[in-house]
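Chemist: If you scroll down you'll find the structure; I have some questions about it.
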Amino acid sequence: MTAIFLMSVLFGLACGQAMSFCIPTEYMMHVERKECAYCLTINTTICAGYCMTRDFNGKLFLPKFALSQDVCTYRDFMYKTVEIPGCPHHVTPYFSYPVAVSCKCGKCDTDYSDCIQEAVKMNYCTKPQKPHVVGLSI
């Protein structure tokens with residue numbers, strides 16, 4: 001029985017390493033415009049996780065396309081639009097953001113993803129907050 005248990009654990013670990021863990025994950029972002037009176041807190045989903053990848057030793061001898069690595073990216077997504085409260089009439093109060101429906105491990109597509117790692121940007125409010133809850137008016 002101990003051998004069966006040990007084999008089950010080893011099999012589980014092997015499968016866990018072979019599978020990628022790239023899934024839609026809850027994310028909270030804060031949106032504000034300098035002309036508007038309020039900051040909006042939005043709950044959305046983004047793609048996050050780990051993808052199996054390899055780093056080749058002979059990089060000098062490979063073509064450039066063979067050097068790209070898989071990233072956790074959108075398989076399917078949709079855009080939602082919200083209205084930032086407290087904006088003057090001359091300012092467009094609408095803000096659109098992506099919502100991850102499903103994710104995949106694949107090449108980064110610059111048509112809809114930022115494929116470089118930037119410095120951490122501000123993700124907090126400097127103005128009074130107005131939380132945005134889908135389907136409810138607060």
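Heads up, the Cβ atoms here are built off N, Cα and C, so glycines get one too.
From Swiss-Prot, here are the annotated features:
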- C22-C72: disulfide bond (DISULFID)
- C36-C87: disulfide bond (DISULFID)
- C39-C125: disulfide bond (DISULFID)
- C47-C103: disulfide bond (DISULFID)
- C51-C105: disulfide bond (DISULFID)
- C108-C115: disulfide bond (DISULFID)
- N43: N-linked glycosylation site (CARBOHYD)
- 1-20: signal peptide (SIGNAL)
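Map the listed features onto the structure and describe their local environment.
Modeler: Following the DSSP three-state reduction, the secondary structure of C22 (disulfide bond) is strand.
Annotation note: C87 (disulfide bond) sits in a coil segment as assigned by DSSP. Cβ neighbour count for C87 (disulfide bond) (all protein chains, 10 Å cutoff from its Cβ): 16.
Residue environment of C125 (disulfide bond) contains 15 other Cβ atoms, counted within 10 Å of its Cβ in all protein chains.
Under DSSP, C47 (disulfide bond) is assigned to a strand (E or B) in the three-state scheme.
Secondary structure from DSSP puts C105 (disulfide bond) in a beta strand.
A 10 Å cutoff on Cβ-Cβ distances gives C108 (disulfide bond) a total of 16 other Cβ atoms nearby, all chains included.
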Chemist: Here the disulfide-bonded residues are C22, C36, C51, C72; which one has the lowest number of other Cβ atoms no more than 10 Å from its Cβ?
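Modeler: Across C22, C36, C51, C72, these disulfide-bonded residues, the one with fewest Cβ atoms within 10 Å is C51.
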Chemist: Using C-alpha atoms only, work out the spacing between N43 (N-linked glycosylation site) and C72 (disulfide bond) and round it to an integer in Å.
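Modeler: It is 20 Å, counting Cα to Cα.
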Chemist: Comparing the disulfide-bonded residues C103, C105, which residue's C-beta has the most other C-beta atoms within 10 angstroms in this structure?
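Modeler: Sorting the candidates by Cβ neighbours within 10 Å, the top entry is C103.
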